[in-house]
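What TrEMBL says about this protein:
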type	residues	note
TRANSMEM	71-97	transmembrane segment
TRANSMEM	117-143	transmembrane segment
TRANSMEM	233-256	transmembrane segment
TRANSMEM	268-285	transmembrane segment
TRANSMEM	297-317	transmembrane segment
TRANSMEM	323-345	transmembrane segment
TRANSMEM	357-380	transmembrane segment
TRANSMEM	445-475	transmembrane segment
TRANSMEM	496-522	transmembrane segment
TRANSMEM	528-548	transmembrane segment
DOMAIN	694-754	domain 'CBS'
Amino acid sequence: MSQNHFTNGDSESLIRRPLLSSQRSIINSSSQVAIVGSNVSPIESLDYEVCENEFVKHDWRRSGKAQIFQFIFMKWLLCFLIGMIVCLVGFCNNLAVENLAGIKFVVTSNMMLESRFLWAFLVFFVSNLVLTLFAATITALIAPTATGSGIPEVKAYLNGVDAPGIFTIRTLIVKIIGSITAVSSSLLIGKAGPMVHTGACVAALLGQGGSKRYGLTWKWFQFFKNDRDRRDLIICGSAAGIAAAFRAPVGGVLFALEGMTSWWRSALLWRAFFTAAIVAILLRAMIDLCLSGRCGLFGKGGLIMFDAYSASVSYHLVDIPPVFILGVIGGILGSLFNLILSKVLRIYNFINEKGTIFKILLACVISIFTSCLLFGLPWLTSCRPCPPDPTEPCPTIGRSGIYKKFQCPPNHYNDLASLIFNTNDDAIRNLFSKNTDDEFEVKSVLIFFIMCFFLSIFSYGVVAPAGLFVPVIVTGASYGRIVGMLLGKNSNLNHGLYAVLGAASFLGGSMRTTVSLCVIILELTNNLLLLPLIMMVLFISKTVADAFNANIYDIIMKAKGLPYLGTHAELYTRQLTVGDVVTGPLQTFNGIEKVRNIVFILKTTGHNGFPVIDEPPISEAPVLFGIILRDHLLTLLKKKAFLSLPVASSNEVFNKFSADDFAKKGSSRVTLKIEDILLSEEELDMFIDLHPFANASPYTVVETMSLGKALALFRGLGLRHLLVVPKFSGRSPVVGILTRHDFMPEHILGLHPFLARNRGKRLRFFSTLA
C-alpha cells in the first residue's frame, strides 16, 4: 500500500527538487517556509469522507432534537463569529498600515519641505528597515508558517492536503502583526493574501472543537471535530478574508468558489454568502466611524472604493482593439511574472537554507534596495506645474494625494513621487482616478511600471507575510494607464479606466481566475459600466497566459511539493488503470484481530488506513468488510477495548467511548502515537473486534477502471483512501489502496517511464501549436 504522505524521488536533480524537502523533521513549518529553506514535517491527507460505522450510527441514534438544533445553530453562529472577527482584523489592519505609513511619509515630507533631503532619506530608510526587520524576525523565529500570502496552503488544505502548522494561534498572531509592519515598510507587497490566510486561521481555530490547553472545551464545539466541517468553515473564512481586504463580499464568495475550494455545495454557498455579508455590514459601519475623524491622524479605515466611476462611460467599436491588446499584454506579462517569480523563489531558497540569519538578512537587503529606489527614482523626473483647476490642493503636503511636492519648488509637483512616495493603496487610487489624464507623464508611469514589476517579484519571497493581489493590481494599472496615454484622444475611455482594465488583465494573466476577479474589480471601482470590457480582458489574458504556464498559486504549490490534485487529469491517466499504479505491500486486518498484530503493524508502517477483511469462520469466503483508520486503532488500544476470546463484541462496548474519543484533534492538540501506548504481554495476546469501528461502506473501484476516472472520483469526493477490488472473484477481496500519492505525476511516471517520453512529445507538439 502506498504511503499517505508525498515525497519525490532522490533521482531528481537539485534544480527540480521541490522546495519542501523530502527529509521531514519534527518542525511544523510549511507556508512560504519551503521558499525560506526550512525542513517540514510529513504532509498528510485529510479525511473529508464521512465514516459510517456502527459506533457513529449508535451515537446519532442517541441524538435528540436539541442536539440537532445545536448542530445547525452552531454552524450559523460560527459563520457569524468568523465574519465579525475577520472584519475587525481587516479594519484594524488597514488602520494600522495607514497610520504607520502615514506618520513615516509625513515626517519625511516635512523634512523635505525644509530642504533636509539627507535626513529625510535617513528617516525613510531607517523606518522601513526597522519595520521589515521586525516583521522578518517574528516570522522567522516564532511562526515561519506565516510567511507569504498563505493562499497556496489554504488552497491545498481545501484540496485535502494537511500541511502542518498553518492554522495555529501563533501563525494567526504573527500573520496579522507581520502583515501590518511589512506592508507599512514600503515593500511592494499586499495585505489581501494574508487576509485570506487570516480568515482561514480564524475559522479553523473556531471550528477545531476547543482546546484543553486554553480551557476552551465547550460541549457544543464537539460537533465540529472533523475535517469535513472544518473545511466548510475554512471556505467561509477565506471568503471573509477577501471581503474584508477589498470590501467585496460577493467577490470574496466567488473567489472562494473559483480559486480556492475543490468541492462545493449549495448549502455551503449560502453560509459563505452570510459570512461575507456580515463582513460587509460591519465594515460599512466602521468606515462611517472613521470618516467622522475618529480613527487617528491619517486613517480613514482603508478599504475605500477606488474612484473610477464615470456615469458617462461610452465606448464604441474603435475602443475594442486597444482593449484586446491590453488582454494579450496582460496574458504575456502575467505568465512572464509567474515564470520569473518561480525562479527567484528557487534562488531565495538556496540562500535561506543557510539558516535563519540569512532569511532575515535577505529581507533587510530587499528593504534597503526598495528604500533607495523609492526615494531616488523621483529625482530622475522633472517637476510639473500644478494644473489651473486641480481636483485637490496642489502640491499635496502632509497627506496622500496626486500632487506630491517632493523636491519641487512651490506650485509644482513630482508626478512619479505621487505614485512611488505613497502607500500601494494610494498609488492604485491615483492610477484609477478620473479627470487626471494630464497629470502624469508617460516616462514617469513607465519607470513606475518597471519598478513595480520587479520589486513585487523580489519582495514576495522574503520571510514575512506578503500578498500578491495589490502588487499585481498596481503593476497592471500602471501599464494600462500607459496604453491609455499612448492612445490619447483616439479613445473614448479616460486613462483611469484603462488603468482598471490593465489591472484586470494582469490579474487574469497571473492568477487565472475570471468570474471572481471580475466581480472584485467591479466592487472595488463601483463601475458597472465597464463590465463587458473587464470580462473581455480577463478572458483574453487568461487564455493567452494558459498557453505558457500555470497560475501563480499552482506554481508555488508545486514548488513546495504540496500534492495538489488539479481539476484536469493528464492525458496518460486515460491509458492506465488503477491496477497499474497500486503498489504494495498491502497491510490488512481481520475483523477480529489480535492486539499484538495491530501493534506490530502500526509500529512498522506509517499507513493511515487499513482494509478490514472477514475470513472463515466469520464468513464463507474472504470478503472486504470495510476500512479502519490509524487514529481509530490508536483510540481502541488506548481505551483497551480488548476481548479475551476472538468473538464479536456486544453493544456494551459503545459505553466505553464517546464521540470525542474518535474526533479529529485540533491543531493545538498533541497527536497520539503508538509509542505512547503501553501494553502488557497479557493484553498483547488479547483481541479487538474491529467491526463496530470500521467504515463499513468505503468507496471502492474495480482494478480495471481508468486512472483518470478514479482521479475524478477521488478529487470530487475529497477522499483519503480509495480501495481497489479485483474484477474477478477467487482472489484477495482487495487489491490495494489508492491514496493521493498514487495520483501524483512523479509516482506514475516513475512506474511507467515511457509515458514521460510520450508526454514530452505531446507537450512540445501543443506548445508549437500555441
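Backbone N, Cα and C atoms are what each Cβ position is placed from, and that goes for glycine too.
Just so it is clear, the model here is predicted, and its values are computed rather than measured.
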| query | If we call contact 3 or more Cβ pairs under 8 Å (sequence gap 6 or more), are the transmembrane segment (117-143) and the transmembrane segment (357-380) touching? | reply | yes
| field | For the transmembrane segment (357-380), distant same-chain residues with Cβ under 8 A (at least six beyond the ends) | value | 36-37, 120-121, 124-125, 128-129, 132-133, 135-137, 140, 185-188, 348, 351, 404, 406-407, 414, 416-417, 420-421, 447, 451, 455, 458-459, 462-464
| Selected stretch (most C-beta pairs under 8 A with the transmembrane segment (496-522)) from 71-97, 323-345, 528-548 | 528-548
| query | Could you count the residues of the domain 'CBS' (694-754) that DSSP puts in helix, in strand and in coil? | reply | 24 helix, 12 strand, 25 coil
| request: Mind pulling out the one from 71-97, 233-256, 268-285, 528-548 with the most Cβ pairs under 8 angstroms to the transmembrane segment (323-345)? | output: 528-548
| note | Spatial neighbours of the transmembrane segment (268-285) not adjacent in sequence (6+ beyond its ends, CB under 8 Å) are 75-76, 79-80, 82-84, 86-88, 90-91, 232, 235-237, 239-240, 243-244, 247, 249-250, 252-253, 256-257, 303
| task | Over the domain 'CBS' (694-754), work out the mean pLDDT and round it to an integer. | result | 87
